[in-house]
Structures are given as C-alpha cells and as structure tokens.
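Feature annotations, reproduced from TrEMBL:
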type	residues	note
DOMAIN	A:279-445	domain 'Helicase ATP-binding'
BINDING	A:507, A:510, A:547, A:550	Zn(2+) 1 binding site
BINDING	A:516, A:519, A:534, A:537	Zn(2+) 2 binding site
DOMAIN	A:542-696	domain 'Helicase C-terminal'
DNA sequence: AGCACGCCGACT
DNA sequence: GTCGGCGTGCTC
C-alpha cells in the first residue's frame, strides 16, 4: 500500500510534522509530492501538502485515506518542499505557514461549516429552524442565534455538522463552442435549411471550416460575423456543444511594449557583466555584491545578464522592492523580453496573481520580476537571481514566517548552482562586510552614465533659520532655489521624511494628547478621512472639538503632514503647480503611477512627497531636490537609524540631474553635523561604511554580532512580564558567556491592540545552544498559547517594534 | 486549531 | 444525584 506523508493545515507545534495517510488504489498513480490534498483530520476535513510518497509507515493505528487531490499537478516543486522544511527551522515558523507563503493566497484553503439534517425532525423544527431545507450554513445559524437549539438536536443525533473545504484557486474560464458532428451530417443539416435562414447557413459553413476547433462567441463574431443568437440556435439544434476553456487573466493585456535592444555597455559595465557572466556560464554559485552609484547603469547590466541566462535556456528571478515595482520598471523587462516575463505585484488582484503564478508554474515565463514573495516563484532551472536595492528592509517579512528574501535567494542560488547578484548604491552593512570578508564578490560601478557628476548637496542648519526668525518649513536657501527653478521651468522634488514621525494633536491648555484606547501610542491625524487613526490596531475616531480632559478648545496640530506642507508651499509660491504624493493620494490602485507619469509629462512644477518619491523616479527635467527634514529618521530607537538616513538621503539625491541638466540638492536638518548626513552630502559610501562599522563594533551590533529578538505578549501585563523573565532566566543559564542579552524590556510601544509587549534582544557571535533553547521555549509555550500568551522569535530583526 | 474526554462546583 | 464549567491532550 502506498502512504502519503502530509503536512496538515493546522499551525501548531504538535502538528508541525507529517501525518501518514493511505492512498486509495484509484489515486495511486495520480498523487505526488508537493500536491495539495484534502484529508480527514480529527473529525474534520482540511487541506494538506504531500511531502513524501512512501510504502512504509510507523503509525500503529489505522490510517485514514486521502479524500482527493486539490491540484492536477504538484503546487510545490521538490525544491520548494525542501526549502520550506529548512526555512521553518531557521525562522521559527510552522512548515504549513512556510508552504502557504510560497503560494498565491488563492491556493490557501478556506473552510466552511454547514449543518445537515440526518434524522426526521418534527414539522415545527424543520420549518421553523431549518426553513424547510435539509442544510443550513453555520453563519446563518450564528446570525439567527439558534445555536443552543442546534446543540440539543446534535445531542439527539438528528443533525450533523459538516466541514467543507473550499478550494478558492479557480481558473477563469470562457465558454467555447465546438462541433463533434461529422462533415456529412453537417452537410445534411445545411441542405435541410430554408433558403432564407442565412445566419444558420453561415454558422454551419463556419462550423465545417473549423473542423471541430472550439471558438468563443467573441471569436465567432470576429472571424465569421456570427452573433450570439445564431450560436444559441446551433447549440439547440445539436450542431454545437459548449465547453469551458481556461484563460489567463493578463494584467498587461491592454499594454503595448516596444521591443528594446541591448544598449552598449561602458568599460566598467562590461567588466561587471563579464565577471558575473562567467559564473552563469560555469553554472557556479557565487554571491556578487554589485555596488553602483545611482545612474551607473545597474539595470542595463541586469538586463544583459538575464539575456545571457535566457540564451542558455535557463530562467531568471529579478527581485525589486515593492515600491520600486512601478510600471516604469516593469516596462524595462517587458520591452526587452516580451511576454515571457511574469510580474508578481501586490497591486494585482488575487486572480491575476494566481494566473501569473500558473504561467510561471507551467514554464511559460523565463523571467520573473517581483517583490519579496516572488523569491518563491516556482521556476525551474534558474540561471540567475538578482536582488535590486538589496539594502531595503522590505525584503524582510515582518510577520510569520519572518524570512529575509536575501537568505532565500542565496539558498536557491546554491540549489541551482547559479549566481546571486545583490545590487545597491548603498549596500547594507551586513552585505558590504561580507564582501569585505570575501564571502561575497564585490563588483563596483563607480562612474555615472555619460560621466555626469553627482549632484551638489548643500546642508542647511535649521536651527539657524529658527534663530533668524524663519518659522516656515522652508529655509531661505531652499526658497531661493525653488524660485530660481520655477523661473527656469525646471522641475523640483521635495521630500518629507516621515519615518518616525506622526501628526498628532495636543491640547495647548493642559497638554493632553489624544491616544489610542487599545495601544500606548498617540493617534494620527488623517485629513483625508477627517479622523484620528491608530496605525497599529486600526482604531478610528472623530477629531475632538474640545479637550476631553480640560474642556479647552485650543488644539495644536503637531507633525508636518504633507498636506500642511503643501498649503505652506502653495502660499509661498502661489503660481507653482504642486503634486502631492503620499499614502493619502496613492491609496487607489494605480494612484502612485498616475502621479508619477503626470509629473513626467511636466504637468506640475513641484512634486512633494514622502520617502516613496525616493524610488522609481527618473525624469530628466528635475534639477532640484529638497529634503525638508533630514533628521526625523535619526531619532528612532533602532541601531540602523543612521544607516537608513544615509541610504534615504543618498537615494533621493540621485533623483537630481540625470540627463543634460546638472542637479542640486538641499538638505534641511537640525543635526547638520551628523555623520550620516555629512557622508551623504559627500556621496561617500566608504566613509559612512567605516564610521558606522566602528560604531557597530563598539556597541556590539550587526554585522559584528548576530541578533534575535524574542517578544512575548499577553492581554495581561503581569503575565507577559512574568514569562519574559522566565525566558530570560532560561537563556541566561544556557547561553555562552560572551552572548549579550538586552532586556527584558517593554516593547517600544508597550501596548498594541490591548496586548502588552515585552522583549529581549539576544546578540551573539557563536552560539550553538541558542537555536535549541529557543525551539524548546516555543515548544513549551504551546499550552499557554491557547490562553493568549504569544511568543514570537525574529531572527535578525529589521524593525524593533 | 478544534474537539472529546475528564474531573470538580451549583443546581433541579 | 446531574449538568456543565473549562483544563488537558490528541489529531495519521
């Protein structure tokens, strides 16, 4: 008998292992590793993944049978099955979670409960409770509040609760019409028609010419000018049969892409291309750190490396940060490689995502372009993995499974014996340090395209502006330069650094700040909805008119929202056309792109936005970039705050002067002497790297130490606190003496959604005992989990919330 | 996760 | 005496 080992869809420590199922004889040849299946589990029916087919089981009891497969072909390749297993270990996640994140959300199971009548009911109950039907949905029962009566009936054995698994992954279909009649009989039909039945004659002629090939109604119309009513007649008369044909939802079907050819490479680009190309040709795994200043032509190198891979009959994976995945970016790839490019983008509908996934799965894509989760694209025969802007924190998923796409990329690169290219103008310290230690191979692009100089960056000390009685958000210098560019009809980009910043309101009389009732954080003012919102739990309330504490009416609005800056800017420059880009104006689908392309067409003089403007913006007429507040990101309680500030300033500076016109940057700051700002001004990555490395060394942070963040949360503050101290004690006993623990401390937001957070940050160099100790802590916490005590472990966290 | 089993308090 | 509270343990 054949046995399938199945990972079931129950995320719990006790079920985080394969369960054995008997394969019914009829399915023996049909089931395979990586398939989703429907299985009975503890009185229910749930989804699972087959991880292995075997002829042996250690299970002593009687095996249950697999009910049915949910796919025709395995959803997960052997590679992904293995990856998921290993990943679960390193990110402290359940295997089922890992497998689910590898697939489009549509393939995740949905469960429904229904109540079925199995025994005679008296008329009153049947017509009253069940409304004369033998089945009722669980929701219906809950809504009508009749569960108590149902429990009674259940006990009497008159009803059953059925568990239904819904496979949401449905391909979109269109109706097609074909004929299975012989030509002879069609000819007979033709002869028996009245002379006046022109439409039917035309239809029969068409059918005969198609030779049984199915066509949609639309195709009949286009090719033969036969309308739907004739087709209906054809079906009625039995000439045509209808069937469903699967179609792919193509998010780009209405777009034309002009074919582009490889551009000539500079000497430096050629050298970079050859270094990395050698590894492609030798089918050798190697990690490259491609460090190139903005405008050095990294993208063209990527495109040509991918072309090389395709030439070898292999496939390529191209990762970009979500925010950079603009249609502009997609264009580059679609134009070079045509429709064999699949794009995985969060703006796609779930159906479109599923179809792009299927396109890859079928082997119809040679190039996959996408954000973080595309690293799990089911491509076979990988020839290269490229990760652009590798320093971006969005490559780390901040919910379970907390994986970093960079690590997954390297794993897959090893598996496929292919190179991994990490590209950035401002590499993460971790990657740059690895390059220094020759773990990665450093490839540099130092020159800018067309030898264009990097923009001149001026720093304005905002403290001086304040002393000189300038209370505006714009320094005199920035105002002058804006005036100048407006006159010259050149474009301006202004960035508001919102990181670590929020707009809140405070009572001027008593100092009261409106806070979230569920979280220990002030509510943020949202002008678009005219409400106060909590960014952590979603709580929303009216903007108060009077202070709840002192009944005063004098509120002060803190925080510089883009909207407020826009008003200020417009007052200063009444004739300037300003475009604002922030979460409020880009919320709608395609809003981001619409604003960018309007700016690209020159429909505005000034683009004002948050960090999202630092990326994917490449317009020749921009000659001035202003950073309104460079330092708000410096004050965050995060050891990476300097690194992030440096990266952001460098990136936004790169927006200035990309073509014939040279650019200028004005950075306004209250900390003008901060090294992150000064090094960004000088475009000096190396200087920043060395300074930051020595600080990290002194403080004992990555890349000198590894980190793991353990977070405990509970609705009861005392319980969470007790647990974190217990964990602290266990770890103290077990870990190496040179391992450092910070904490236990309260979470940087102590309460979120009515849960209290406590955490410990473990910093270690060599630590073989940490992993088993943490696993054990997780295992043992399982019981408490049910009572609302959650433990989360984040290996190499990037956000410290 | 969700369900059955099992052991103690408040009732007909 | 029983009903039902939820703590405990299992699911192929």
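Cβ from N, Cα, C; glycine included.
Just so you know, TrEMBL annotations never went through curation; they're auto-generated.
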At the Cα level, what's the spacing in Å between residue A:516 (Zn(2+) 2 binding site) and residue A:547 (Zn(2+) 1 binding site), rounded?
15
Looking at the domain 'Helicase C-terminal' (A:542-696) alone, can you tell me the average pLDDT?
84
In sequence order, which same-chain residues at least six apart have a C-beta under 8 angstroms from residue A:550 (Zn(2+) 1 binding site)?
A:507, A:509, A:510, A:512
Indicate whether residue A:507 (Zn(2+) 1 binding site) is helix, strand or coil by DSSP.
strand
Surrounding CB atoms that lie within 10 Å of the CB of residue A:519 (Zn(2+) 2 binding site), all protein chains:
20
Could you tell me which of these binding-site residues, A:510, A:516, A:537, has the greatest number of Cβ atoms within 10 Å of its own Cβ?
A:516
Could you round the CA separation between residue A:547 (Zn(2+) 1 binding site) and residue A:519 (Zn(2+) 2 binding site) to a whole angstrom and send it over?
20
Non-site residues, in chain order, whose CB comes within 8 A of the mean position of the CB atoms of A:516, A:519, A:534, A:537 at Zn(2+) 2:
A:517, A:518, A:521, A:523, A:535, A:536, A:538, A:539, A:752, A:753
Can you count the other CB atoms that lie within 10 A of the CB of residue A:507 (Zn(2+) 1 binding site)?
21
So if I draw a 10 Å sphere around the Cβ of residue A:547 (Zn(2+) 1 binding site), how many other Cβ atoms end up inside it?
20
Please give me the CB contact count at 10 A for residue A:534 (Zn(2+) 2 binding site), counting all chains in the structure.
20
